[in-house]
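According to Swiss-Prot:
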type     : residues : note
SIGNAL   : 1-19     : signal peptide
DISULFID : 63-98    : disulfide bond
REGION   : 89-107   : region 'G1 (Gly-rich linker)'
COMPBIAS : 127-137  : compositional bias 'Acidic residues'
DISULFID : 139-167  : disulfide bond
DISULFID : 177-184  : disulfide bond
COMPBIAS : 193-206  : compositional bias 'Low complexity'
REGION   : 252-434  : region 'CT'
COMPBIAS : 293-302  : compositional bias 'Basic and acidic residues'
TRANSMEM : 408-429  : transmembrane segment
């Protein structure tokens, strides 16, 4: 029996210990109403008596209605809460009982009792326990390193990568590599977050002489003591040895095949690359200054548009001048030469027989004072404007007031007409610039 109690206790403890905490989002009171019902009965005299009754069952129904109202609001708000807290669960907590502003009773008139219940909308708050980092996250969080490394691999996009301490690093910043690309020095090896597989070769930092081989004619001890630089024999080197030495095993051949990257090599490479780096930065951050070309092109377009407008105005002025000026010729005040209007008049006279000076011709239908300046209708005078004549609310507007209103409306029409003409002219100019 004791084991069963312990097992049950553990079963209850485990889920409760991992349960989320709940916090309140909003609290409100929700209402339901119990309306009185008419009950008819007979008194001692046999007369019908009507009473308005509210029972305890009605109060229970009103309380359930209040809880249902709270549930409806919660269902609607849950969508909003999910957008704000996507990782939380939501619940509605209501009281077991409602608060009433009355008690079951009977009255002679219709009446009601209000039932209120408190509703608390809550959300779950997960326990803030730090999760264990994955190997990728551990690698990505490591700081950048610098230095010279061996076993460098080249990526498909041309980048250089190393496998160091179980994490992959990419060469950034200034990078210098040997001809074969297996040994590189970089000012910043940054972790990529990738964890190499167990079968991939690892990289290690390289010191002066660590990557040197035996060179030509070197011995087994050539690597750690300088390889090509000190190659040759068992104790050979640039100065030669008692058994190996010489130009072949020592300086010339051994140095060219086993030399590692040194600080001086990196410094020299950076010095040589500095001019090209500066030019590349300049080309990336600057662009050709074509402001003068754009300004010149804009000025040319403006000049062409202005010339077109000026020619059109001059042509129209010459046509009107030749029509109204009897003298014409060089003494004309409106310019010398024919206009498009003159050519149209000549064409009408030559092909259609319409003469400008002919009486009864088609010209007279529009080239006369009435056609050029048509008279505006003047109406039939002015009379007072009367509304609701003969009633208490009769309204009289005299002719003087009507004249003022007419003047104001005329001025408004003049302004609108001027604005329309101005807009039309400017739109033509804009089209000319385009």
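A Cβ is built for glycine as well, from the same backbone N, Cα and C atoms used for every other residue.
Locations of recorded Swiss-Prot features on the structure.
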{"residue": "63", "record": "disulfide bond", "contacts (Cβ under 8 Å, 6+ apart)": "32, 97, 98, 115, 117"}
{"residue": "139", "record": "disulfide bond", "contacts (Cβ under 8 Å, 6+ apart)": "166, 167, 168, 191, 192, 193, 194, 195"}
{"residue": "177", "record": "disulfide bond", "contacts (Cβ under 8 Å, 6+ apart)": "152, 160, 183, 184, 185"}
Neighbour tally for residue 167 (disulfide bond), based on other Cβ positions within 10 Å of its Cβ: 20
Number of helical, extended and coil residues in the region 'G1 (Gly-rich linker)' (89-107), per DSSP: 0 helix, 10 strand, 9 coil
Confidence summary for the region 'G1 (Gly-rich linker)' (89-107), mean pLDDT rounded: 92
Helix, strand and coil totals (DSSP H, G, I; E, B; other) for the compositional bias 'Low complexity' (193-206): 0 helix, 1 strand, 13 coil
